[in-house]
Structure formats: structure tokens, C-alpha cells
Amino acid sequence: MQTEGKKNILVTGGAGFIGSAVVRHIIQNTRDSVVNLDKLTYAGNLESLTDIADNPRYAFEQVDICDRAELDRVFAQYRPDAVMHLAAESHVDRAIGSAGEFIRTNIVGTFDLLEAARAYWQQMPSEKREAFRFHHISTDEVYGDLHGTDDLFTETTPYAPSSPYSASKAAADHLVRAWQRTYRLPSIVSNCSNNYGPRQFPEKLIPLMILNALSGKPLPVYGDGAQIRDWLFVEDHARALYQVVTEGVVGETYNIGGHNEKTNLEVVKTICALLEELAPEKPAGVARYEDLITFVQDRPGHDARYAVDAAKIRRDLGWLPLETFESGLRKTVQWYLDNKTRRQNA
């Protein structure tokens, strides 16, 4: 399925929120081919890929990254030039109650994928072996908490994960770097800030608030809502990830952020203001969307602030986000308003 001179990229977790954006970007904006490997858990949705599903440069394999035999089959069958590893359990709240799933997928699954990639890479012709890339996509949560400082996370910030989720991703990051250092597997790591955009599973803050507001349900905000996050539009992130896997330097780490620091309460209030404009006909009994905001008990171990310094990827690879938080959030709200069936399924 590979076009002459173009890459064949294996994307794990390609039916997820960020993964599907990456797959769409590659198929719609490059001449590369994609093999989408996804287990299709609750958060995976092939509807996100209907626009490109019939493209001859796209293939889908329903495979668990913990299934080594199936991984070996996929590598042998499709012979990828690069791996973009996004398959992961990613919701912090779920990790608090079901940490074992996160250990299995995020740590053991990454190990199995690394070993399958290494076995495949070692038997490649020398010129192909040198060009091969293993790009591991991670989170800024591995760095811990910036509470009480004006600092930003850089690529050299020490790891200090606070939750079972971030600890599992930190472990995966360390495995990838160890395989690069020990076995010379050509690897790159990127760490991103909070993603948002159309098609996101509604357990995450922004889609949950949009969908609850449109249904007249409470808008639950942890604690006092003062926690700060940096927000990155998912399509900007997809462009960055493609640049990293095609242009990034082996052994390097790239932080990817939107320079959009907002408190959680600011985000929810901005969503409410957009809905007042774009969906003025409210559910019965709702005078203002903001009236639905409800403060709830804070999450255990809730980090106060994340903020990413994306200067390195801007300087070295020339990447810049195209969306402001305001423009990206408007597109996101409008998508949920325009996709009522998706809202009902969510």
C-alpha cells in the first residue's frame, strides 16, 4: 500500500481522539500511507475516520498492543517505515479507580510494541533501518505540578507524575528512551498539553461541558475551578506530530503546547458564553448556561497548573499552532451543535 518514495506509517490508537486527527491529517494532506492499529475500546470510534476510510492509502487493523503475535503479523504484513504510538488509556479519573488497565496498556503495551518494532527494525535493510522512526506520543502530566510558579515545562524538566495515569505514561516514556539508548531503536518522544476539538469522547472537560449544557444538566467543576491547563487544538497537534515523526531528531524530546493557559472555570464560562451566542434556545428551566455550573469535590491529587514551553519545536521544526483558544473552541462548540447524532451517541 506504499506509494513510491513515500512513507508507510503505523499509527497505534488511530481511532482515538488525537490518533484519528493524525490519521486524517496524513491521508488528507500528504502522500503517505497509514495503517491504523486500534483495539477499539470505549473511547475509539471509527466514525471519526469515515472521510478517509475508503482511501487506498489507509488500512485498519483491530489489534491490542499487548498482543505480541498480532503485532508481529502487522509489522510483517505492512512493513512500516515509522511508528506513531498513541494507543493509551488516558482519562485521569478512570485511572484512579482502575489503575490496572493503565498499567497494562500504557506500560506493558508500550513494552510489547517496542519489542515488536525492534525485532522488525533489526531485520530491515540498512538504509531502511537508518530511516526508521518510533515516535512515542506522551503528555505534559509526566512533569507533575507547577503550582505556585510562573515556570513552564521544558524538555529537561524532571519527571514528577502525580496520578496513576501520568505515572504510567512516564514509565512508557522511560521505556522508549531506554530502547533508544540500549538497542539504538531510532526513537523520538513528544509531550503535549491538554487537547481539545471536535469528536472528543465526552468524559473530557470540554465536550462534557458542551453536552451537559445542551441537555440542561449540571456542569461539574472540580474544587474552585482554579486549576490551570494549557490548551492545544487537536488539528494543530496532529500537524506537530507529523512534523516530529518526519523531521524530528532521533533521541530528542519535543514539547507541544498551545500557549493558552486557562483556569478550568474560565474554560467552562467561555463555553457557556459561546452557547449563549450559538444555541440561545436553552433546555426547559435554564435561564443562563452559567447557572448550570456546579462545584464538586476536588479530584484526589489534582495538579494545580500545567504549562508547556513549545519553543524547541517552534525553533527546530518551524511548527506553530494555527488556532487560538477562542477560534478553536468556537469550532468545537459549533461541531457539537452540527452533529446532533454524535451528541446522542455520546
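Note that Cβ sites are derived from N, Cα and C of the backbone, with glycine treated the same way.
Annotated features, as they stand in Swiss-Prot:
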type	residues	note
BINDING	17-18, 38-41, 64-65, 86-90, Thr105, 165-169, Asn195	NAD(+) binding site
BINDING	Ser90, Thr139, Asn194, 204-205, 220-222, Arg229, Asn264, 298-302	substrate binding site
ACT_SITE	Asp140	active site, proton donor
ACT_SITE	Glu141	active site, proton acceptor
ACT_SITE	Tyr165	active site, proton acceptor
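Taking Glu141, Asn194, Val221, Asp298 as the recorded positions under consideration, the smallest Cα distance to Phe17 (NAD(+) binding site) is found for Asn194. Of all the recorded positions listed here (Lys39, Ser90, Tyr165, Lys169), Ser90 has the Cα closest to the Cα of Leu205 (substrate binding site). His302 (substrate binding site) sits 12 Å from Tyr165 (active site, proton acceptor), counting Cα to Cα. Summary for the binding-site residues Asn194, Pro300: the Cβ-based neighbour count within 10 Å is maximal at Asn194. Here the binding-site residues are Lys39, Lys169, Arg229, His302, and the one with the most other Cβ atoms within 10 Å of its Cβ is Lys169. Spacing of Pro300 (substrate binding site) relative to Ser90 (NAD(+) binding site) is 16 Å (Cα to Cα, whole number). A separation of roughly 15 Å, to the nearest angstrom, links the Cα atoms of Ser166 (NAD(+) binding site) and Arg229 (substrate binding site). The secondary structure of Lys169 (NAD(+) binding site), as reduced to three states from DSSP, is helical. Of all the recorded positions in the record (Lys39, Ala87, Ser90, Asp140, Asn194), the one with the smallest CA separation from Tyr165 (active site, proton acceptor) is Ser90. In the structure shown, the C-beta of Asp140 has more C-beta neighbours within 10 angstroms than that of any other entry among the recorded positions Asp64, Asp140, Asp298. Note: Ser90 (NAD(+) binding site) has non-local neighbours Gly16, Ala43, Thr139, Tyr165, i.e. same-chain residues 6+ apart with C-beta under 8 A of its own C-beta. Scoring each of the binding-site residues (Ala87, Leu205, Val221) by how many neighbouring Cβ atoms lie within 10 Å, the top position goes to Ala87. Calculated from their C-alpha atoms, the gap between Arg229 (substrate binding site) and Lys169 (NAD(+) binding site) amounts to 18 Å.
Restricting the recorded positions Glu141, Val221, Asp298 to those with a CA within 10 Å of the CA of Lys169 (NAD(+) binding site) leaves Glu141, listed by sequence position.
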